[in-house]
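**Q** The structure under discussion is supplied below as structure tokens; questions concerning it will follow.
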Amino acid sequence: MSSTLAPEGPVTGAPQPPQGAWSALRRRLADRRTLIAYAGLAVIFVLVLALAPHGEGAEYGAWSLLPAGTLFVFILVTQQVVEGFIWASLLGAVMLARGDFFAFWIDRLFSEVSNTDNLWLLVLLLSIGGLIGVFEHLGLAASFAEAAARLARGPKRSSLVTVVATALLSNDSYLSTSGVGVSMTPVNKGFGLPKAYSAMLIRSTAEPTCTLNPIGSTPVLVTGLLVTAGVVAADEQVSAYLHILPYLFFSLAIVLVAVLAAAGVLPLIGGMRRAAAVEAQEEAAEVAEAGDAPAAEAAAAARRPHWLNMVVSIAAVIVGTLITGDVQQAFLIALVVTGVVLLAQRLTTPSGYLDAVIEGMKDIFSLVLLMAIAFVLVSFIADLDFAGFVIQHVSGVVAPAWLPLVVFLVFGVTELLVTLNWSLYILLIPVLVALCEQTGANLWATVAALLGAGTWGLTASISSDVGLLTASSTEVGLFRHWITNLPYQVVAFVVAAAGFAVVGLVGA
């Protein structure tokens, strides 16, 4: 499993050759776009220091949009993901603390990483990385891929198996993206499909199908917030979600896009065509450099575990989740179960197993680092009252019938910049409930619009944790995954916007 955050080429997203720190810096500064990006950052910081409000009780207004907008533009121009998050979070710290920004940033990093919920996610990601490391380094993924290839028997069937497998595991997006990514990507690659294509199919199916399941993790959160807001009773959560379900236009549209793409009806579009050509060239180069690799691979294949070992591991995650109700504990249980099973078959040694787990954790550490910085950025955005500013300027000028469309479009833009997802729902569902009561807007359609915007953020934003994990499990560079995945998400976004426009026209 390669790091998803390695530097990538400006057009193709292909990894650049290794280079020293100074030569890398000189090369970047020679890039005109990079110079423009740094100059723009300097101007933004000067403007913030000179003009932005600050101090206790300050109202930041439109200034609250600046960190998220800076992040999006910087990454788009330079393709440097981690650096973009660092600059955007430092900008937020400057806006809130001025000259004391660095100590303020460090203190916030410590507080966010030590936050129980955030620490839970970081440990979960390390656990997932450890299990993926076992799958890859001990041959479980390879043996499963060979078995799945016999079932798939062609690119279309293989793609459809990818979509169906992701949907079946979608009650937990982390399990579906990691498990299906590491197992089906080699199968699809064997049929000539680029890894970026597998990543798109998985990401387009994981969270969207979860939102279409009334007892999925996200629907349970949403209806729980409606219970807290006094809209529905605790025993009416499923029936309440059935009122929301018909308005989930984005989830329905993107799952349909994934199915049509898998079936070959929707062709490779945008950067996906270029990714296919680039990956074909990279694979040819790997084959040319392999030398005696076929003989080595044949010997390794003879020592591989049976493909059912990977099924046992994934089953351990599912059963562990059902028993404990905690997916983090479930992945830790799966690590123990998988180790016992492989040791009992004498397929590895205790030290060999631990080495595989640690290698997997090392591979995913770049994602853990990025998530830690993202926690800091999101907390600064909340302090700047980003969501409050947006909803305040939407509520006063929108007719009730058009509120769902406006919510979907406005928060679709903000979620593309920096996805808040569950935090977005927690922050805004109570606000939207009150707003719908005041204006008479359709509550179910409005909540569905917010849920659609959050789902779009998970499937389209470069800062999405699900997107980061998808890129990692399919071994696609993060920027390449983002740029190849986005056109398919945009198709579904346009369809969903049209659906909410119809809702506005008929006043439903």
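Glycine too: its Cβ is placed from the backbone N, Cα and C atoms.
Unlike curated entries, TrEMBL annotations are predicted automatically.
So TrEMBL lists these for the protein:
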- 35-54: transmembrane segment (TRANSMEM)
- 60-78: transmembrane segment (TRANSMEM)
- 85-106: transmembrane segment (TRANSMEM)
- 118-149: transmembrane segment (TRANSMEM)
- 210-232: transmembrane segment (TRANSMEM)
- 213-504: domain 'Na+/H+ antiporter NhaC-like C-terminal' (DOMAIN)
- 244-269: transmembrane segment (TRANSMEM)
- 311-344: transmembrane segment (TRANSMEM)
- 364-382: transmembrane segment (TRANSMEM)
- 443-466: transmembrane segment (TRANSMEM)
- 486-506: transmembrane segment (TRANSMEM)
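How about a rundown of where these features are and what they're close to?
**A** Long-range Cβ contacts of the transmembrane segment (60-78) within its own chain (Cβ-Cβ under 8 Å, at least 6 residues beyond either end) map to 28, 33-34, 36-37, 40-41, 44, 48, 52-53, 84-85, 87-89, 91-92, 95, 377, 380-381, 384-386, 389, 414, 416-418, 462-463, 479.
Counting same-chain residues at least six beyond the ends of the transmembrane segment (85-106), those with a Cβ under 8 angstroms from any Cβ of the stretch are 41, 44-45, 48-49, 52, 54, 60, 63, 66-68, 70-71, 74, 370, 373-374, 376-377, 380-381, 383-384, 418, 463.
Non-local neighbours of the transmembrane segment (210-232) in the same chain are 170-173, 238-242, 244-245, 248, 251-252, 255, 422, 425-426, 429-430, 433, 443, 447, 451, 455; each lies 6+ residues outside the stretch with a CB under 8 Å from one of its CB atoms.
Long-range contacts of the transmembrane segment (311-344) within the same chain: residues 120, 123-124, 127-128, 130-131, 134-135, 138, 140, 144, 169, 172, 174-175, 179, 305, 350, 353, 357, each at least 6 residues beyond the stretch ends and with a Cβ under 8 Å from a Cβ of the stretch.
Sequence-distant neighbours of the transmembrane segment (443-466) (same chain, 6+ residues past either end, Cβ-Cβ under 8 Å): 71-72, 75, 81, 85, 121, 125, 173-174, 177, 203-204, 206-208, 211, 218, 222, 226, 231, 243-251, 254, 371, 374, 403-405, 407-408, 410-412, 414-422, 424-425, 428-429, 432-433, 435-437, 478-479, 482, 485-486, 489-490, 492-493, 496, 500, 503, 508.
With a threshold of 8 Å between CB atoms, the same-chain residues lying at least 6 positions outside the transmembrane segment (486-506) that come near it are 200, 204, 247, 249-250, 253-254, 256-258, 261, 266, 269-272, 399, 401-402, 404-405, 408-409, 412, 442, 445, 449, 452, 456, 459-460.
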**Q** Checking distant contacts: for the transmembrane segment (35-54), what same-chain residues at least six beyond its ends satisfy Cβ-Cβ under 8 A?
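**A** Sequence-remote neighbours of the transmembrane segment (35-54) are 29, 60-61, 63, 66, 70, 73-74, 77-78, 87, 91, 94-96, 98.
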